[in-house]
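A.B. asks: Copying in the features that TrEMBL gives for the protein in this structure:
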DOMAIN    1-180  domain 'MARVEL'
SIGNAL    1-16  signal peptide
TRANSMEM  64-85  transmembrane segment
TRANSMEM  97-123  transmembrane segment
TRANSMEM  155-179  transmembrane segment
Amino acid sequence: ITVNILVLICVGASHAAIAGFSSMGGLGTGSFNIGSFYSPFEGTEFQEVRDLDMQYSQMRAPCVYGGVAFSLTLAALTLLFLIVGAKPIDRLSVKMLVAECAFDALACVGYIAAVGLYLHFIIQVNATDTCKKRERLYARRGYTWMNCEVQGGDAAVSLFGIVAACLYFSSSVFCALTIQNVRAFRSQMTRTQYSLENSYREREYQKDYRSPESTHNAQTLATLV
């Protein structure tokens with residue numbers, strides 16, 4: 001859950017860090033512009049930079065929306081399985097454990113695929129003319145960090161995504177072991193219950209059953225007495 005939240009934070013931070021002087025514009029939240037407080041650009045150059053920032057943010061928007069939705073969904077489902085699975089071993093449902101194991105495996109594969117798609121999409125966006133033109137305009141004013149390379153925030157998203165995939169893989173392994181333990185526990189409980197029932201029946205049978213010979217001997221002894 002923590003790693004999913006970190007992925008979510010890094011997705012948002014990565015977008016905010018490269019949004020430039022039209023920060024948040026690509027997310028459709030209005031006309032907030034840090035250039036209204038300070039901007040090294042003036043006149044038509046400022047308008048051009050702002051337009052490029054908006055275009056670049058909009059091009060990256062699918063990564064932001066997809067990353068937020070993906071990480072939030074997995075965090076919510078993980079929390080759900082955590083709550084449902086917080087039971088003693090005798091009350092755990094095998095079906096629930098199987099569903100959790102399948103979820104962990106799918107989440108592991110999903111994160112690996114998501115990280116690959118995220119980096120592929122970012123590299124494609126950074127290779128566009130919009131990004132190159134934007135990089136040159138910022139470089140004129142000394143903002144060399146606003147380039148078309150994979151940024152630190154994007155690398156952090158990928159790193160935490162891989163960590164999440166490893167954790168989900170480990171979780172699927174432990175979940176599979178838990179399924180075996182639950183089945184072994186139930187099998188042992190069934191054998192124990194069956195053994196107790198048989199022992200009880202044998203005692204009742206021995207208590208109620210008397211052979212003719214033993215009955216005759218008991219009667220003879222009673223007569224002699």
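Just so you know, glycine gets a Cβ as well, placed from its N, Cα and C.
Would you situate these features in the structure and describe their surroundings?
C.D. replies: Mean per-residue pLDDT, taken over the domain 'MARVEL' (1-180), amounts to 86.
Here the signal peptide (1-16) has Cβ contacts under 8 Å with residues 23-24, 26-27, 57, 60, 63-64, 67-68, 71-72, 74-75, 78-79, 82, 151-154, 156-157, 160-161, 163-164, 167 of the same chain, all six or more residues outside its ends.
Residues 1, 4-5, 7-8, 11-12, 15, 26-27, 92, 96-97, 99-100, 103, 107, 110-111, 114, 118, 157, 164 of the same chain lie 6 or more positions beyond the ends of the transmembrane segment (64-85) yet place their CB under 8 Å from a CB of it.
Long-range contacts of the transmembrane segment (97-123) within its own chain (CB-CB distance under 8 A, at least 6 residues past either end) are made by residues 60, 62-63, 66-67, 70, 74, 77-78, 81, 85, 150, 154, 157-158, 161-162, 164-166, 168-169, 171-172, 175-176, 178-179, 182.
With a cut-off of 8 Å between Cβ atoms, the residues of this chain six or more beyond the transmembrane segment (155-179) that come close are 3-4, 6-7, 10-11, 13-14, 67, 74, 92, 94, 97-98, 100-101, 104-105, 107-109, 111-112, 114-115, 118-119.
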